[in-house]
Amino acid sequence: MSSRARRIRLALFPLLPLAALLVLFFGPAVIGDESFLFRDAAHFYNPLFAYIQSVWGEGQLPLWNPYDGVGMPLLAEPSASVFYPGKLLFALPISFASALRWYVILHFALAYLTTYNCTRRSGVSRSGAILAAISYSFGGYVVATHANLIFLIGAAWAPLALYCGIRITREEHKPTAPPLLALSLAMMILGGDPQTAFQLALIAGGYFVCVHALLLRTPLLFLRRGKGLVAAIVLAAAVSAVQILPTLEWAARSRRALVDQPRTVYGYASQALTRADASAAVLLGNVEQGTHERESYQFSFGPWRWPELVWPNFSGRMYPENHRWADTIPAEGRVWAPSLYIGGASLALALIGAWSCRHQSIGKLLVALSAIGVIGSLGWYGLGWLLIEFGHDTGLWRQEKLSVGEPFGGLYWLFNVLIPGYASFRYPAKLWLLAALAGSWLVGFGFDAEKVREFRWLKRLMLVLAASSGLAVVSVTFWKSSLIAALPDIPANLLLGPLDKQGAMTDMQLGMLQAVIAAVGVLGVLLVSRRRQALVAPLLVMIVVLDLYAGLGWTAPSAPTLMWRFSHYGDVEYASSRWYRTLSANDYPHDFASETSPDRQREGLVWDRLTLFPRYHLLEKVGSIVPSNSLAPADYTILLREMAHELGAKETAHRLSAAGLISFDDPTANQMLQREFSTTGVTPMAWIAKSYRRYPIDDPRSRETWREAAQVVIHREDQQAIVHNERSPAHFCGPPRAEFVDQVDYQRISNEQIRLDVALSKPSYVIVQEYFDPAWQVEIALEDGSKINTPTERANVIFQAVALPAGMHQVTLRYVPTSFYRGAAISIVSWLLLMGWGAFAWRRQAKAQ
């Protein structure tokens, strides 16, 4: 074989498993022109990305979204990932559905290729690197991110970030490592996953400090060694400034920013110095329902899910029919990933790799990251949870007598109270990414270590797995009727229907049987190939590929793209209207809960589209006054809740300029969906206040402050403006003009521009029913031709007020977010610096080689 042919073969070798996996998992969606169906892939990212593409297509910048709530920033929402370079795929001359499919597929390919290349450059053999890439990019956790695209982006770039952080710390001759670290971190932030970028930057910094701890005695030398790492992190932040600055500005107004009690030990210490009533309740894990502190612990992985690593579907398939028996566990919460399966062979190799490189610094790092990922993802199930459950089961004590809550003592809780800013993130399950990533690298190291030992330990572990799984499947088969009877009756899943206990046990049996077959297959390969060692790697790769697909192929369902194209709100009268969806996220037809169906996810899609849940209103280009983004503003959320409680759905809708109402007509079991649309009694998008009252906001980070302000607005006089500035602008004066009749005409020019033609008989406030943001600027064209430029004022908690003198005026409101323009300027300069640094480092590295 010629050297050229050998090089081609070696280049194609790692691509063949990737191609096979992509075809197996995503081939049906591509061939059948289908879109991904599970959870956020269908009802969140599909309509959101389609809307963003339509805004670009209209020649506008996607800065403001008039259809979410009563208008909200679009760029500032991280999930929108407006300026992520990968979004250029949507600019190609292909359909949106095709672009979205390839967006997902190419990021899985990126996750595979970055893992392969980074493990290869870390000293892992070609075969070991392929196994590492397969177990990471197509393991249960990462496959689940196909339904949560921003975290798929984080997973795709994470291997490169981890590798570069290790290279910088170990001072290996790799000048390109710092700019590549900056690039990978910036891609995560721009792609919508700042939490993973934050965690990997912390890991790189922590690893550097641990390795170079002795240099702390000489600070200048320590700083000199760490300059590349610091420069990379700072440059990553600068490159993504176009996203970071608007997001930070918007996040300061979100529900996550409400701080009624200290979240960190530093906040508690600061409060204790100035207040006698400083509370440590949140620090002790006592988090109240309905707060961000409580929501941040949702999506925690209970320890009963760990068997899923080796037994696919151990907990039962979540969909399309409800086989998930784990829901009968009282402590089980919301499901982040339908399965955590990686396969017995991969887990065995990871354990062998952890033992084999336990004395190396990289091995210690990978083991630590795996432990952090597994233990940290427990989240809600902390030491406090163990104490509460033990006291409940034994009757030794009651929860009320304990001073701690469930998450107290857990690793995720520790991060929240010790790492500044970490409490603003949420969902412990996302930490599992660290375990998946580090564990996959250990798979590669384990394969190489076993190859030297002729796979002695792998054979033993596969024998143990085959025997234990065989015993387990026999036991489950023998006790199947008893196990089914032991499962408690629980309320039906409102979408997927009642629990099919028989199907759940069958899934468990088949998963255990699959583990036996896979283990025996690996043993067969190792025994048959003793004389031909070259066959071990390709056969083992083939088994792992088929095993993962058999265990996880069901987790990526799809449906015909046509189901996203039809419209329920295409009538002219509905154009740009606002709707109030009073249904909860779990409100579905009664038939869904009473019986199961293999087509239930598609039926759910039709229902969600009809009821505009949660972002399907973006496909229809109508408004939904219930905010559905991850950074919903605190003031608006509290006002909406208070109004709905005191005024009822219809009056709330009318006050928020929503002419449409989506609800059940009867709260009984036979409820029918009702869609009402009437403009009668609906507050217009712009109106003239007959009077006004000043009500300053004292503490915008206090939940009680906004609740009190909401009550003032709810009980105000008719057509009264509650203005939250302390004084009026200078132009809000002048004599009355009796020749004019009060009138205002509203016209929306674009997403970021509104025009009002106003006639006033006296100085008055004009209220615009668009969410108040300081970036909205007003240009007032007076009768004499002069113009006044001023910001809008906050009124009625969430709306904009424009103070005008008497007379005839043309008022133009423009959304001009300075944080975007500042961030864009910083990002452009930083991109140039990054490209220059990368080119210089590449040339320097090429010369060194």
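Cβ coordinates are placed from backbone N, Cα and C, and glycine is handled just like the others.
Remember, it's a predicted structure, so these values are computed and weren't measured experimentally.
Taken from TrEMBL, the feature transmembrane segment applies to 88-112 (among others).
Through the fold, the transmembrane segment (124-143) approaches residues 10, 13-14, 17-18, 21, 25, 108, 111-113, 115-117, 152, 155, 159, 308, 337-343, 346, 349-350, 432-433, 435-437, 439-441, 443-448, 451, 537-538, 540-541, 544-545, 548, 551-552, 555-556 of its own chain, all at least 6 residues removed from its boundaries and within a Cβ separation under 8 Å. Positions annotated as transmembrane segment by TrEMBL: 124-143 (among others).
Here TrEMBL flags 198-216 (among others) as transmembrane segment. Remote same-chain partners of the transmembrane segment (198-216), defined as residues 6 or more beyond its termini with a Cβ less than 8 Å from a stretch Cβ, comprise 158, 161-162, 164-166, 168-170, 181, 185, 188, 222, 225-226, 229, 233, 236, 361, 365, 369, 419, 421-422, 425, 431, 434.
According to TrEMBL, the transmembrane segment annotation covers 228-248 (among others).
As annotated by TrEMBL, transmembrane segment applies to 335-354 (among others).
Per TrEMBL, the feature transmembrane segment maps to 366-388 (among others). For the transmembrane segment (366-388), same-chain residues at least 6 beyond its ends with a Cβ under 8 Å from one of its own Cβ atoms are 203, 284-285, 297-303, 306, 331, 333, 350, 353-354, 357-358, 399, 402, 404-413, 415, 427-439, 441-442, 445.
The transmembrane segment annotation in TrEMBL covers 431-449 (among others). If one looks beyond the transmembrane segment (431-449) by at least 6 residues along the same chain, the residues whose Cβ comes under 8 Å of a Cβ in the stretch are 115, 119, 122, 124-125, 127-129, 131-133, 135-136, 139, 141-142, 151, 154-155, 158-159, 162, 196, 199, 203, 301, 336-337, 340, 342, 346-354, 356-357, 363, 365-374, 376-377, 412, 458, 537.
TrEMBL lists 461-488 (among others) with the feature transmembrane segment.
TrEMBL lists 508-528 (among others) with the feature transmembrane segment. Distant neighbours of the transmembrane segment (508-528): 310-314, 316, 325, 343-345, 455, 458-459, 462-463, 465-466, 469-470, 472-473, 476-477, 480, 535-536, 539-540, 543, 547, 550-551; these residues of the same chain sit at least 6 beyond its ends, with a Cβ under 8 Å from one of its Cβ atoms.
The annotation transmembrane segment is assigned in TrEMBL to 535-556 (among others). Packing against the transmembrane segment (535-556) from elsewhere in the chain are residues 17, 20-21, 24-26, 29, 36, 38, 127, 130-131, 134-135, 138-140, 143-144, 146, 312-313, 317, 319, 338-339, 341-343, 345-346, 447, 451, 455, 511, 514, 518, 521-522, 525-526, 528-529: each is 6 or more residues past its ends and has a CB under 8 Å from a CB in it.
What TrEMBL lists as transmembrane segment is 820-842 (among others).
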Spatial neighbours of the transmembrane segment (335-354) far in sequence, C-beta under 8 Å, 6+ residues away: 38, 131, 134-135, 139-141, 143-144, 299, 301, 305-306, 308-313, 315, 317-319, 324, 363, 366-367, 370, 427, 429-430, 432, 436, 439-447, 449-450, 457-458, 461-462, 465, 469, 515, 518-519, 522, 540, 543-544, 547-548, 551-552, 555
Considering the transmembrane segment (820-842), which listed stretch of 88-112, 228-248, 461-488 counts the most C-beta pairs under 8 Å: 228-248
For the transmembrane segment (461-488), distant same-chain residues with Cβ under 8 A (at least six beyond the ends): 310-311, 325, 328, 344-345, 348, 351-352, 499, 501-502, 504-505, 508-509, 512-513, 515-516, 519-520, 522-523, 526
